[in-house]
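J.: Here it is: the structure, laid out below.
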Amino acid sequence: MLKTGVLLLIFLVLFPLATLQDADQPVERNVENKQDLNLDKRRGMKLLAQRQQECCDPDWCDGACYNCC
């Protein structure tokens, strides 16, 4: 019984704690990558993403459309 308790403690508590990474690492990495971009490049990327949105039919548009209503 004691052996199973020790095994459960190791695998359910200690092992996940040892393998966890900082939650803020990916965010910091993305921020560092975007700091190198100049403002014009960021605007271009944003405009490209907005152009890729689907247009809706004006007959059934609910106001959530980007360009079509």
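Each Cβ is built from the backbone N, Cα and C atoms, and glycine gets one as well.
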J.: Quickly, which of GLU32, GLU54 does Swiss-Prot have down as 4-carboxyglutamate? Just give the residue.
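T.: Out of GLU32, GLU54, Swiss-Prot attaches the 4-carboxyglutamate annotation to GLU54.
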J.: According to Swiss-Prot, one residue in GLN21, GLN52 is annotated as pyrrolidone carboxylic acid; name it.
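T.: Swiss-Prot records pyrrolidone carboxylic acid at GLN52.
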J.: So which of PRO26, PRO58 shows up as 4-hydroxyproline in Swiss-Prot?
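T.: The residue tagged 4-hydroxyproline by Swiss-Prot is PRO58.
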